Structure formats: C-alpha cells, structure tokens
Ligand SMILES: Nc1nc2c(ncn2[C@@H]2O[C@H](COP(=O)(O)OP(=O)(O)OP(=O)(O)O)[C@@H](O)[C@H]2O)c(=O)[nH]1
C-alpha cells in the first residue's frame, strides 16, 4: 500500500518542509518563557492525530479518486496544524500576514475536501455492501457445497453456467465444459463398500480441484458425475486440460483398485444452462460408448 502512495508522501514532506523554511525565514524564535505548555500540548496532539489519519488512509486505502480527496483533505489539515504548532515557538512580524493566513485557511478547506472524500467513501462502501449482499444471497439461495466432496452442487452449477453463458455470449468468447463420470461406480460400491466409494469420491474431488485453474468451477453434478466450467477457454485449451486430467486420474486409478473415469468435453453453444447440461448427458453417453477416458471430438 505504502509504495503506491510514495509520491503523495514525498509531496507531503516537501510541503511541510516548505512551511518550516518559510516560518524560520520570516519569524524569530520565541524565548522559552513565552511558551504556553497547554497550547503546545493541545496543538501537538491535534497535529499527531491528523498525521495518524494520513497514515491510516495510506495504509488502508487503494489508490483512486476517493483516496485522493481523503488524503489531500487530511494533508491540508496537517499543514495547518503544523504551522499552528510552529507559531508557539516562532514569532512573526506584525505586518507579515501570510503566516496567519497559511495557519488558518488550509484547515477549513481541508475539512471540506476531507468531507467530500468521506461522502465518496460512504458511497463506495454502500456499493461494496450491495455487491457482497448480492453474492451472499446468491450463495445462500443455492445449497452450495456438497458435504462429502466439498465441491459445488448441481444447483450452483446451473446458476453459474447460466451466468457464464450470458457473459460469454455478450463478449463473443468461448466457453467449454468437461464432464467426468465414474465407470461402474455401483459395482465398485458393491465390491468395496459405500465407505470406500466415499473415500474415492473425495480423493477424486481433491485432485480435480487442485488440477483446474482458479477461473474454472468444478461441481458435483450428480452422484458419480462432475462437470467443470472452463471460462474463456478454446476447444484446444480444453483438450489439453482434459489430457492433463486424464493423466492425473490414471495415476490415481493405478495407485489402487479404483474405478476408471470417462471424460467428455464440449464447447457450449447452447443459450441456456439447462440445454447445455442436457448436452453433457449426451456427450458422456457417447464417450462411454467409445473407450474410457476418451474425449469427444466435438470439443
Ligand atoms: N459411495 C457413494 N456412492 C454413491 C454416492 N452417490 C451416488 N453413488 C452411487 O453411484 C452409483 C451411480 O450409479 P450409475 O448411475 O448406475 O452409474 P455407474 O454405476 O457408474 O454406471 P455407469 O455410469 O453407466 O458406468 C450408484 O450406485 C450410487 O449409489 C456417494 O455419495 N457415495
């Protein structure tokens, strides 16, 4: 955070230095008997608090218009309070009014600028809250996570796929899906028991989540079927990803007496999630009719 605000920090230091040099050039040091401890304490504390505001703004805010208003408003306050404090140690000639202007004017202007920044911050926060609330409702609406595999379930897949389809259609980009279905999982359950089947499902899910990109969404579409949504992905890229998954799954399968998987890929050409998901059923059936782990050429 501090790095992106380094020019502002430099500017602040230059401004304060200019104020100090101007004060030293135009005024004369007061005798210590003229110091007013209470004034120094009050004005010093105010200056420290205003400097604290500057620090907080820099350390917590990203660069942007609202941050600029907040920062420069606070800087004007700091400048004003700084000169106010110097005033306790330096006496200026009576006829020299500039210092008293510089002491008093920046504070109200700074207050106005800071207030404008705070209004912007308030608006910004409301927009963020709206977005977060929308996302939270979205997540709550869809019984999201499957407890066994910790993957998103079918409802979420449907919702996310619909959103991606609309997005990709409007941006003329390519959206692909990978469908993975365990072969004869019923037989595996019969031979090894449901618990072994559950273990396999969760190991497979971990593998799938770890092998896909951050932008991809992998869901447990049905008991032994998974669908990966691959945004902004060309069929060629999806093909490579499918091959990669295929290798990883082969290792998992050969490590133990685990069932094979069929992988089918498809480019989404449908305008609705429902139609696209129906197509995944056809794609996986066709892939199963061929050899296991074979990708459909329609990708
Ligand atoms: N262990 C376990 N088994 C499950 C779970 N969910 C579904 N299954 C089993 O998965 C099997 C799916 O059966 P089918 O749809 O016939 O699929 P399949 O046996 O893999 O046959 P094909 O897909 O045609 O190769 C059923 O026996 C379900 O009981 C689960 O959470 N845990």
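Cβ atoms here come from the backbone N, Cα and C positions, even for glycine.
Because TrEMBL annotations are produced automatically, they should be read as predictions rather than curated entries.
Features reported for this protein in TrEMBL:
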type	residues	note
TRANSMEM	38-57	transmembrane segment
TRANSMEM	69-86	transmembrane segment
TRANSMEM	98-121	transmembrane segment
DOMAIN	173-299	domain 'GGDEF'
Here the mean pLDDT of the domain 'GGDEF' (173-299) is 87
For the domain 'GGDEF' (173-299), the DSSP helix/strand/coil residue counts are 64 helix, 26 strand, 37 coil
